[in-house]
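See structure below.
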Amino acid sequence: MPAELRLIPCLADNYAVLLRDPVTEATAVVDVPEVAPVLAALEREDWTLTHILVTHHHTDHIAGVEALKERFGATVIGPKAEQDTIPGLDFAVVDGDPVAVGGLVGRVLETPGHTKGHIVFLFEGERLLFSGDTLFVMGCGRPFECAPPVLWESLARLRTLPDDISVYCGHEYTLANARFARSVDPDNAAVAARLEEIEALRAAGQPTLPTTIGAEKATNPFMRADDPELAARIGLAGAEPGAVFTELRALKNNFRG
Ligand code: ZN
Ligand code: FE
């Protein structure tokens, strides 16, 4: 039986995601920005939380971890590199470590950049990636704790995953990301079409998640820092991808679309 998923809007623009194995009834939440909406979703479904997966140590991803752990006795799994700043961790994981939610078996990929220890959870059998604040729909996190090229290498790694992997990320930043993508990539028909779709979804109050690796490769400028045409478009013809990525991040930070 396929995994069951529930996307839970939290705070102003965060998401938590429930991932459930219907066979064993094991149920994980990926990141806990706040307790109440996650609890409400669990109660609505009559699901019992067994695992808490944490992508990184920022408050808007861990604020509700301890409360949910206490309530359900759930097992908390998060990045070893951030174990000192994530309260309640039971298992500190590194690149390649397996993560099992009942019969759903995923593995950890380290994707430093937004934070030094940021990890993502890949459930290849389920065609699912939980990307936290590394990869957003048509965007990426800000490289707060690493030089921008470090985040570029992480995104380039995620780009090697199969196109049909669905991606759930930590925030609903898609509309601003899509407008920025359009500004740096105005001749890209896939970007233009997607911006229209996203405007319609957001106008209807709908989430823009999940995306796919394939859609990101086609429309996310931060996944294409090694594309010579995109480099030329921002005045960096012939530059290293890391430099192009750094400039894209700077342009995005200053973008008021
Ligand atoms: Zn963050
Ligand atoms: Fe965040």
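Each Cβ is built from the backbone N, Cα and C atoms, and glycine gets one as well.
Since this is a predicted model, take the numbers as computed values, not measurements.
Feature annotation from TrEMBL assigns domain 'Metallo-beta-lactamase' to 13-171.
Positions annotated as Zn(2+) 1 binding site by TrEMBL: H56, H58, H114, D133. All chains included, 26 other C-beta atoms sit within 10 angstroms of the C-beta of H114 (Zn(2+) 1 binding site). In the three-state DSSP scheme, H114 (Zn(2+) 1 binding site) is classed as coil.
Of all Cβ atoms in the shown protein chains, 18 besides its own fall within 10 Å of the Cβ of D60 (Zn(2+) 2 binding site). Positions annotated as Zn(2+) 2 binding site by TrEMBL: D60, H61, D133, H171.
The two recorded residues H58 (Zn(2+) 1 binding site) and H171 (Zn(2+) 2 binding site) have their Cα atoms spaced 13 Å from each other. Each of the binding-site residues H56, H61, H171 was scored by the number of other CB atoms within 10 Å of its CB, and the largest score is that of H56.
The Cβ of D133 (Zn(2+) 1 binding site) has 26 neighbouring Cβ atoms from other residues within 10 Å, across all protein chains displayed. Looking just at the domain 'Metallo-beta-lactamase' (13-171), the mean pLDDT is 98. The Zn(2+) 1 site, placed at the center of the C-beta atoms of H56, H58, H114, D133, has further neighbours from the same chain whose C-beta lies within 8 angstroms: T55, H57, H61, T115, H118, G132, T134, G141, F144, G170.
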